[in-house]
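See below for the structure under consideration.
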Amino acid sequence: MVQSSVLGFPRMGVNRDLKKATEAYWGGKLSQAELLAEGKRLRLEHWKLQKDAGIDIIPSNDFSFYDHVLDHIQLFSCIPDKYTKYNLDPIDEFFAMGRGLQKPQTDKDSAVDVPSLEMVKWFDSNYHYVKPTVQDGQKFKLKSDPKPVVEFLEAKEAGIITRPVLVGPVTFLALGKADRGQKVDPISLVEELLPVYEELLTKLKEAGAETVQIDEPSLVLDLPPRVKKAFKPVYEKLTGLGDKIPKLVLATYFGDIVHNIDVLPALSDVYGIHIDIVRNPEQLETVIGALGPKQLLSVGVVDGRNIWKTNFRTAVEKAEKAVQALGKDRVIIASSSSLLHTPHTLESEKKLEDEVKDWFSFAVQKTHELTTIAKAVTDGRFSVRDQLEANSKSIHARWISARTNDPKVKDRQSKITPVMFERKSPFPIRIAAQQKLLNLPLFPTTTIGSFPQTKEIRIQRNRFTKGEITAEEYEKFIEKEIQDVVKIQEELGLDVYVHGEPERNDMVQYFGERLTGYVFTTHAWVQSYGSRCVRPPIIVGDISRPAPMTVKESKYAASISNKPMKGMLTGPITCLRWSYPRDDIHQSVQAEQLALALRDEVVDLEAAGVYVIQVDEPALREGLPLRKGLERENYLSWAVKSFRLSVSGVQDSTQIHSHFCYSEFQDFFSAIAALDADVLSIENSKSDAKLLKVFVDEAYPRHIGPGVYDIHSPRIPSEEEIKDRIQEMLEYLSPEQLWVDPDCGLKTRQWKETKTSLINMVNAAKFYREKYAKAN
Ligand SMILES: Nc1nc2c(c(=O)[nH]1)N[C@@H](CNc1ccc(C(=O)N[C@@H](CCC(=O)N[C@@H](CCC(=O)N[C@@H](CCC(=O)O)C(=O)O)C(=O)O)C(=O)O)cc1)CN2
Ligand code: MET
Ligand SMILES: [Zn+2]
């Protein structure tokens, strides 16, 4: 029999229950016991739901209160001293690493002040994981009552035998980094770490686990030789333990493993291998050819990264190919990756039109797809004839739908000319014109766009969406919010203002809701990091802009400000990447359509008197194909072109900013430079300022604002701390080039900490402004 398998299930619950519980716990409104109970309830509900769908192999330990990599950091006691020294409850120590903790002294406890660990993108997704941070001489120790064992037993007690999911040792270390000031290469610690896996796996076996899913997605990357070499000793050692540990299914996803296929012989004693054949179907044959004589192949045929209904015909064909080669008992039908990246259930969507709703499949629906495909392969297609027929009808209907095709958009795309990618003059001429118009001081201060999205803002928007208040009332409310943030920025003494984005639910969804070719959902939330979720809009057809999207708010904000007001847009690549893209036309075509729509918006903003315009591209880096080579070059070429197409319609005196919130820009620095943005703001506060050296090496001529403080945490940076950061930056960047700004937008913060942090930031900038004014 061909079994069905899910690699991981979304954690939040049907109504974002986990988000609500964790935030209530952080806010002191839910006890620790209540939070833990809610986690348990959700796990059970998700296991049951998969069981009811008929899934044979159900994951456990895919749940997390924040992030599964962070779970492993705690599980292996890989915790920097700065967290352990406070003797916090394990769950609080866990959250302290995830989001930082700042607590005043009380009678009982001493004061706590720790920043979070670094958080970065999980491969090429919009999910963030907490980066393992290791020390020279790092030791590991298995935590007592290990989470994977506890959760396995929890499911077992409910009558469900699960397959625990672990991040594999090579990937865990390969994704890690040495702590600031430490020299250790994380992968060199693999021998230290291995005994902990041995102990954990032994305990899982004792608890009754027959198989374990061990995730080694790093195998899809270009691996440095020292990382690649680590697989052999690790898996020989583990499989050498024989029956003492569960059988291992080694899972890879988000890419192919063909370029690392020489690792496979070393893994031939591993029970099974999982590959993603949604993303890379062509790897199937090579991997089959490289399997050991008894090894299982888990084929990922249902997309864990997108929401399109699986095409049963092609999925079954691919699966049958594997069955022909290996036999029914050696093939597992699986999701391509964890379903973490898909929303919970389509059933919650009451407002979607039937026509498009029929094209989608969310996590719950995907579990049913998996069992149908497994049955088709086990018992023959006729055994699920009705499902196959309905599926092919739906796939066909989408194929021929008038919704997907807009000749006017295609026509405009065909008329794009090379000059449309170029600003009128080179940077030196532009910056002189901008300086004349804007008259900014040295070390200009600004923010990245959003100000706190308060409860009140969300409530009013919710009331407006539900029709409880009118459009005029909502507009009035937004205007008042804009007035408030303008006034606050005046008081803070910032130099370039923003309107604060109060009207936006999300920087991508907001645009999705205003563009033709998109549909959006009401409940389709996906975890982005910790308790934070996004509702990616869905691109179903050709994209165009029926009317201006942001002009009203920005124009109003500019009209009430005595300093330059920065207009705020989300760039084409970010709109694309943080939406669910179409799978029927190339992403470059969708990006170009978005770029044309945004170009019109940029030009309209300028015409409305907004002379600083920021086009955010935080997803540019994450879209980079995971492996070096032609695919990467192609991506960079069309991604850069889309950005340039979107911003190049303006005069020299209009200053174009762009923003990125990641610090790993070394490997595609040339693309960042090619954007030709006048000012870049980049996340930098959690990384070594040394990373900025690339700007020196490449003689980057334009302006840069490396973030001076982390915005993911409520922790307030001191003025001294910010001054130190600026001082470090000045080792690499000239004072004429440097802007002072936070790492990213402030929407997730509270006003209290926001104001204090910005006061400290502005004071730090003023300090350097004076210092350099005197020096000249
Ligand atoms: N798409 C996207 N990806 C991104 C980012 C981003 O900003 N957007 N930023 C980076 C980091 N990721 C982030 C992701 C989410 C959030 C975030 O703040 N999310 C909000 C939801 C934002 C949103 O869509 N809000 C809606 C809906 C809010 C809501 O929950 N409303 C209530 C009702 C109102 C209430 O009583 O509060 C409901 O629907 O039940 C709105 O404001 O209108 C959250 O999880 O809380 C922040 C950063 C990387 N990736
Ligand atoms: C994730 S990048 C965020 C940029 C956006 N302008 C904001 O400030 O929220
Ligand atoms: Zn950002």
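Please read every residue number as a count from 1 along the shown chain.
A Cβ is built for glycine as well, from the same backbone N, Cα and C atoms used for every other residue.
Under the heading domain 'Cobalamin-independent methionine synthase MetE N-terminal', TrEMBL lists 4-324.
Here the Cβ of Asn126 (5-methyltetrahydropteroyltri-L-glutamate binding site) has 21 other Cβ atoms within 10 Å, regardless of which shown protein chain they belong to. The annotation 5-methyltetrahydropteroyltri-L-glutamate binding site is assigned in TrEMBL to Lys19, Asn126, Arg532, Cys533, Trp578.
The domain 'Cobalamin-independent methionine synthase MetE C-terminal/archaeal' annotation in TrEMBL covers 443-766.
In the shown protein chains, 25 other C-beta atoms lie within 10 A of the C-beta of Asp616 (L-homocysteine binding site). In the three-state DSSP scheme, Asp616 (L-homocysteine binding site) is classed as strand. The L-homocysteine binding site annotation in TrEMBL covers Ile448, Gly449, Ser450, Asp616.
The Zn(2+) binding site feature in TrEMBL is assigned to His659, Cys661, Glu683, Cys744. With a 10 A radius on its CB, Glu683 (Zn(2+) binding site) counts 24 other CB atoms from all the protein chains.
Residues or ranges marked as active site, proton donor in TrEMBL: His712. Counting only residues at least six positions away in the same chain, the Cβ atoms of Arg99, Gly100, Ser116, Met119, Tyr529, Asp743, Cys744, Thr748 sit under 8 Å from the Cβ of His712 (active site, proton donor). In the three-state DSSP reading, His712 (active site, proton donor) counts as coil.
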Calculate the per-residue pLDDT averaged over the domain 'Cobalamin-independent methionine synthase MetE C-terminal/archaeal' (443-766) and state the result as an integer.
96
If you measure Asp616 (L-homocysteine binding site) to Asn126 (5-methyltetrahydropteroyltri-L-glutamate binding site) at Cα, how many Å is it?
15
Scan Asn126, Cys661, Cys744 for binding-site residues whose C-beta lands under 6 Å from an atom of ligand 3 and note them, or write none.
Cys661, Cys744
Does any of Cys533, Trp578, His712 have a Cβ within less than 6 Å of an atom of ligand 1? These are the recorded positions; tell me which, or none.
Cys533, Trp578
Going by DSSP, is Lys19 (5-methyltetrahydropteroyltri-L-glutamate binding site) sitting in a helix, a strand, or coil?
helix
Do you know which of the binding-site residues Ile448, Cys661 has the most other C-beta atoms within 10 angstroms of its C-beta?
Ile448
Compute the mean position of the Cβ atoms of Ile448, Gly449, Ser450, Asp616, which form the recorded L-homocysteine site, and then list in sequence order the other residues of that chain whose Cβ is within 8 Å of it.
Thr447, Val498, Glu501, Met507, Met568, Gln614, His659, Cys744, Gly745, Lys747
